[in-house]
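> Copying in the features that Swiss-Prot gives for the protein in this structure:
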type: BINDING; residues: ALA313, ARG344, ARG361, GLY362, GLU363; note: L-serine binding site
type: BINDING; residues: CYS315, GLU363, CYS470; note: Zn(2+) binding site
type: BINDING; residues: ARG344, TRP345, GLU346, ARG355, VAL356, ARG477; note: ATP binding site
Amino acid sequence: MRFKLDGRIIFSKDVEEETQKDIVEVLENRDIFLKGVPEGKENEASKIEGYEFDGKDLKLKMTSGTYTRAHEGIVRLKKPIMEKVGRKHQIGIRDVAIDRYVVTLTAEPSKVSELKGLKVPECEVELESEKINIVFENLGDGELKRNIIDRAIKFVKNELDKQDQDLTFEVCKIAPGTIVSDYKAKREITFDTDPTELAEPNGWVKRFPGRGQWFYTAPMAKLFRAFESLIIEECIDKIGFDECLFPKLIPLDVMYKMRYLEGLPEGMYYVCPPKREPEMFQDFVNEMMIKKEIPIEKLKTLLRDPAYVLAPAQCEPFYSFFDHELVDVDHPSKFFDKSGWTYRWEGGGAKGLDRVNEFLRGECVWMGTPEFVETVRDDTLKYAENLAEKLDLEYWTEVGDDPFYLEGRKKEDRGIEFPDVPKYEMRLWLPHIKEERKGVAVTSANIHGTHFIEGFGIKDYKERKVWTGCTGYGLTRWVIGFLAQYGYNYDDWPELIQKKVGKLPEIPKLITWP
């Protein structure tokens, strides 16, 4: 893909000559756009092809490939410009405006022609023989924050790939996105503030240096444990799952067998074991002590090749446990794990408390006959819905459009058996989002058919059909969904939560925080 942008950074007053000189220094520092760009891909990052000052406006012409795309690049300029000129010249940035933005995708002429007449909200689609131009005009900061550009690109790419239709749409007997159940709260929901905005001022969380990570202080931790206890009592124990302790450092071979490496390779944290050579690490330590900075390039030479990932799905060890084993479907297995964090690299998608790279879940995984697997999946979902209704939390359940295990099977020709509905997703309503009715996914209930059975060579000793399923109860998201509807006032919480939480602990007492 190629990106071509005509845009403006709009200041609070006319940009005088001395201010312009300082801003130009920032514009000439291309390192701003290279952060996070892989070595050898620098030409794919944003470039400023031209600029002009006009009163309050800094007019920019920018291009890019797929790394630090032009619309990300213009936003990335705001912070270093303000650090350079804000206090020094008493000037601020009012807005970022994109006057015209052309995103160009390439494809075979036959596929391009199939898009004739395609209408995409917020933009125009122009077709050439081997190109699709997605054209945006008059976008402001608000549209950028709402990710309109990324959504439009994804929409066009999905249309372009219809010949290679996502397997979800082929196997699913109910259209993905269909709402199959919902519940309206009996009380009036008056709290309508993003819980992330209040969490840190209230002292319940503190930002951690890592992207998409938070330090959860005692009050938030108490609420987490309350929900964990409720989910175990109200959902997991009622179905008879046995608790196990799953490893969280997963060998790449396991991920390969799951076909996760085909479906979502960019969504994982890869782990490189260090070389066991103390004298080489001493050089690393010495350089760090002298330079007072971490010598990353030297550290890279001391690491072995990636060998593991941090668990992105939490259920991975279950399938490895049964790798090439003979099982008896008359004695099905039902395990659950709540022993640690799950990790997914959301990249730029990480935001707030609901979209994080590190989160807690109660993960249920089971194996048995197709009938058994479907019954258990339905029960895991039913009890989650019952719990939400006990807490008077407004929710809906819909057919999922992204079962994680199908990402690696865009095309299928090996006779894998799939369920009629691979995934149900239960969402708690987020009342602070006004533009559209949105919810946070708190429970994901999946059936895999024979996907993992085939991948791990698992067989029934009488050669009967064996399926697997998994349900993730997202503790982090249950808590965020709860706070989004009830807020932080303990007295407003339902009695069931108050009893589980007991007395809320105090926040840390610091002079400078919260």
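A Cβ is built for glycine as well, from the same backbone N, Cα and C atoms used for every other residue.
Neighbours and distances for these, please.
Secondary structure at GLY362 (L-serine binding site), as computed by DSSP, is strand.
In this structure, CYS315 (Zn(2+) binding site) belongs to neither helix nor strand by DSSP; it is coil. Within 10 Å of the Cβ of CYS315 (Zn(2+) binding site) there are 28 other Cβ atoms, across all protein chains.
In the three-state DSSP assignment, the secondary structure recorded for ARG477 (ATP binding site) is helix.
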> Are any of VAL356, ARG361, GLU363 (the binding-site residues) within 10 Å of CYS470 (Zn(2+) binding site) when you go C-alpha to C-alpha, and if so which?
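Those close enough are GLU363.
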> Where the record says ARG344, TRP345, GLU346, ARG355, VAL356, ARG477 bind ATP, what is the longest distance in Å from one Cα to another among those residues?
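About 17 Å separates the two most distant Cα atoms.
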> Show, in sequence order, which residues other than CYS315, GLU363, CYS470 on the same chain lie with their Cβ within 8 Å of the centre of the Cβ atoms of the Zn(2+) site.
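Same chain, not in CYS315, GLU363, CYS470, Cβ within 8 Å: ALA313, GLN314, PHE318, ASP337, CYS364, VAL365, THR471, GLY472.
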> So of all those binding-site residues, TRP345, GLU346, VAL356, ARG477, which one's Cα sits nearest to GLY362 (L-serine binding site)?
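Comparing Cα positions, the candidate nearest GLY362 (L-serine binding site) turns out to be ARG477.
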> Going by C-alpha distance, which of the binding-site residues ALA313, CYS315, ARG361, GLU363 is nearest to TRP345 (ATP binding site)?
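Closest recorded candidate to TRP345 (ATP binding site) by Cα: ALA313.
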> Would you count the other C-beta atoms found within 10 angstroms of the C-beta of ALA313 (L-serine binding site) for me?
25
> Tell me the coarse DSSP state (helix, strand, coil) of GLU346 (ATP binding site).
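SS state of GLU346 (ATP binding site) = coil.
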